[in-house]
Amino acid sequence: MDPEVSLLLLCPLGGLSQEQVAVELSPAHDRRPLPGGDKAITAIWETRQQAQPWIFDAPKFRLHSATLVSSSPEPQLLLHLGLTSYRDFLGTNWSSSASWLRQQGAADWGDKQAYLADPLGVGAALVTADDFLVFLRRSQQVAEAPGLVDVPGGHPEPQALCSGGIPRHKDLPGLLVVRELFSSVLQEICDEVNLPLHTLSQPLLLGIACNETSAGRASAEFYVQCSLTSEEVRSYYLSGGPEAHESTGIIFVETQRVQRLQETEMWAQLCPSAKGAILLYNRHPPLQSGVGKSHLSHPSAPALSLQL
């Protein structure tokens, strides 16, 4: 396994639909206060704001744990979530003391992630109608993994479920949180790749991967089928979108070549979240064999193409 990524959860073959996932949102799943208080987080945030005055704080969902429930008629996944923030993420997962915090969490709570913000991300193994996976070259201007290759993705937003004010656990029903989790990955594809929503299938959850370069932050990785060909996707991407500034190019890799992507030079260019998405995608052969897919035409584009 690549040291930059680990797999926390592998969903049953073929992935899980929105109806097969549930959420328990509770303050018990929030980050523990740091030993000695959270002043270090405040100091890191103030320093970062001085260097990058355009950054802003925002609430995020925190992944505490995930449980597959095998006793139900169909496979069910229960996600135990809390609330956290981007500010706390920078002050814990991205802090120079992240390794020490993991050691202390294990010693104090039996959980190495106890003191970490661990905001839950989302990512997509997006497959075109002619059987190519879609990747994006990240801009040098983004805060995380600048210049590396990623899959479309981002974060589910607690704020999307609130009309205003600070999101509170009691105001966020589990069903709405699940809906936001699944809809957010589609929204990220629409914003980053500039694709119409009606061209995208309902997401299937493949599993959860952890970015070990940011102290084990988790990301839910999904499979999404697009009804457009790779050339049609490229055309939409090049016409620009709401988050066009976050990437500088689009890359297409033929799905049959993805199984051996770790053996290519491209693997070293992938950011950890993309590596997690590919590792999980490769563990779901039913999706690669065409089960549940729309009709696929033969690829006419090269196996690897980059548009700068």
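Any Cβ shown, glycine's included, is placed from N, Cα and C.
DSSP assigns HIS155 (substrate binding site) to coil, not to a helix or a strand. Of all Cβ atoms in the shown protein chains, 20 besides its own fall within 10 Å of the Cβ of HIS155 (substrate binding site). Residues annotated as substrate binding site in Swiss-Prot: PHE56, TYR86, ARG138, ALA143, ASP150, HIS155, GLU157, SER273.
There are 25 other CB atoms within 10 A of the CB of GLU192 (Mg(2+) binding site), with all protein chains counted. Taken residue by residue with DSSP, GLU192 (Mg(2+) binding site) is part of a helix. The Mg(2+) binding site feature in Swiss-Prot is assigned to GLU188, GLU192.
Computed over the domain 'Nudix hydrolase' (117-284), the whole-number mean pLDDT of the model equals 94. Here Swiss-Prot flags 117-284 as domain 'Nudix hydrolase', drawing on sequence analysis.
Taken from Swiss-Prot, the feature motif 'Nudix box' applies to 174-195. For the motif 'Nudix box' (174-195), the list of distant contacts is 18, 21-25, 61, 79, 81, 120, 122-124, 126, 134, 136, 152-158, 160-161, 202-203, 205, 220, 222, 224, 226, 228, 233, 236-237, 239-244, 246-247, 250: same-chain residues at least six beyond its ends, Cβ to Cβ under 8 Å.
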To the nearest whole angstrom, state the Cα distance for the pair GLU188 (Mg(2+) binding site) and HIS155 (substrate binding site).
-> 8
Rounded to a whole number, how many Å is the Cα of PHE56 (substrate binding site) away from the Cα of GLU192 (Mg(2+) binding site)?
-> 20
Cβ neighbour count (10 Å, all chains) around SER273 (substrate binding site) is 28
Using all protein chains in view, find how many other C-beta atoms are within 10 Å of the C-beta of TYR86 (substrate binding site).
-> 18
